[in-house]
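Over in TrEMBL, the protein carries these features:
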DOMAIN    48-219  domain 'MENTAL'
REGION    1-21  region 'Disordered'
TRANSMEM  55-76  transmembrane segment
TRANSMEM  96-116  transmembrane segment
TRANSMEM  123-145  transmembrane segment
TRANSMEM  151-171  transmembrane segment
């Protein structure tokens, strides 16, 4: 005789345990979801993500570092004015470092325009600048006589080559995947907030619970 209530209790507990998703849905906090959505929207209003800003800073560092090395090379060769006139006005592809400096300026302008101003979310711009940099430096090292001019014949081409490929790695493996992941999280949070709004339409006021005048007392 006691077996029937026990079976009913077990059936009820199993039915409750079989619906964890419904309990999880009702446990969603709409306030937390809205706060997360507002944080993502505020990040979009800033116009540029933190990881993209770090990439742009590294591109700026690339230009400044190559410029610094080039100025040091001008001083080592016997004065900035004399060497600058020789390398710029009397430019010689086989012995001048001025083109390596211009290559850094080229990378800076293209990458800042593409990923800071236009906020591009594709790798074609960084692929273009890295391909041009690699091809130019390889040709210059093979054809020119930089190695016969001391340590800077090795340092400037190698540093420029390494920085270009670090920029490519950083954009392809850090900037673009992280921004795509943040966008997916934003879409998921927005979808969850819409579902939570449907599941939690709001608390009904006391005035909405009443009995019609013609109803029987005690009903």
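Every residue, even glycine, has its Cβ placed from backbone N, Cα and C.
Cβ atoms under 8 Å from those of the transmembrane segment (123-145) belong to residues 93-95, 99-100, 103, 106-107, 110-111, 114-115, 157, 160-161, 164-165, 167-168, 171-172, 176 of the same chain, restricted to positions at least 6 beyond its ends. If you look at the transmembrane segment (55-76), the same-chain residues 6 or more away from its ends with a CB under 8 A from one of its CBs are 48, 83-84, 87, 97-98, 100-101, 104-105, 107-108, 111-112, 115-116, 150, 152, 155-156, 159-160, 163-164, 166-167, 170-171, 174-175.
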